[in-house]
Amino acid sequence: MGMIVLDTNAIIYYLQDDKKAVRVIEKLRRSENVIAISTITEMELLSFPGLTDAELLRISVWLNELFIVPVESSVAREAAKLKRENRIKTPDAIIAATAQHYSAKLVTRDKSFQKISRLGIVLC
């Protein structure tokens, strides 16, 4: 059993019923893997302007099924290094560092993560 970290965009595509994202994430949900997100992803999902109460509820229910990983100091330091070396946005650096810290694959549709060495990517 391993851990899989979901990027924010993977969840957004999943919640929008994107066929590829649904297929990939549902397969992972049926596996023995722990499905996790960073607290950064939690914040990003809940902060979209204009979310209706129904959308917030759907996101919250879905988040309750996931293992939410706090940003520890070691993850923050790795994220800072990734940000310096790869010139990526802070949230992306934290999400990538979370996956690396837990030796997890990252499920995303953002191909810019592919430039980060030692990061296993599952494109959805």
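The backbone N, Cα and C atoms fix where each Cβ goes, glycine too.
What TrEMBL annotates here:
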{"type": "BINDING", "residues": "Asp7, Asp92", "note": "Mg(2+) binding site"}
{"type": "DOMAIN", "residues": "2-115", "note": "domain 'PIN'"}
Least surrounded among the binding-site residues, given as Asp7, Asp92, when other CB atoms within 10 Å are counted: Asp92
Helix, strand and coil counts within the domain 'PIN' (2-115) (DSSP): 69 helix, 16 strand, 29 coil
